[in-house]
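Just below is one structure, and these are the notes that go with it.
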Amino acid sequence: MIILKDGYKEFADCMYYFLHYYIGYGRYTYSATNGSCDKGEYLDKRHNQCCNRCPPGEFAKVRCNGNDNTKCERCPPHTYTTIPIILMDVINVENAQQDHLIR
């Protein structure tokens, strides 16, 4: 296990997502091993395949289908996601502020 100083964990996570989603890692689905998937992925139980979660700032335009992986797209202006997700929606910043989700 690598111990990172304050602030470096975010950098490491950012690099992981860059490599995983933009360079080509994780382009295809694969069968889950012992029912588990790698970091940044989720188990699609319908197909027993490991699929990409979308990184923060993106949402699932198309969910994985067992052959093709999740297709992520940047969130529209004034919306966001803060965690890797598989949702096909984003949170409206104005609504989040009204609901006290942003402090």
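Each residue, glycine too, has its Cβ placed from N, Cα and C.
CYS72 is paired in Swiss-Prot with CYS54, the candidate among CYS51, CYS54, CYS64 named as its disulfide partner.
For CYS37 (disulfide bond), the count of additional Cβ atoms within 10 Å of its Cβ stands at 19 [all protein chains shown].
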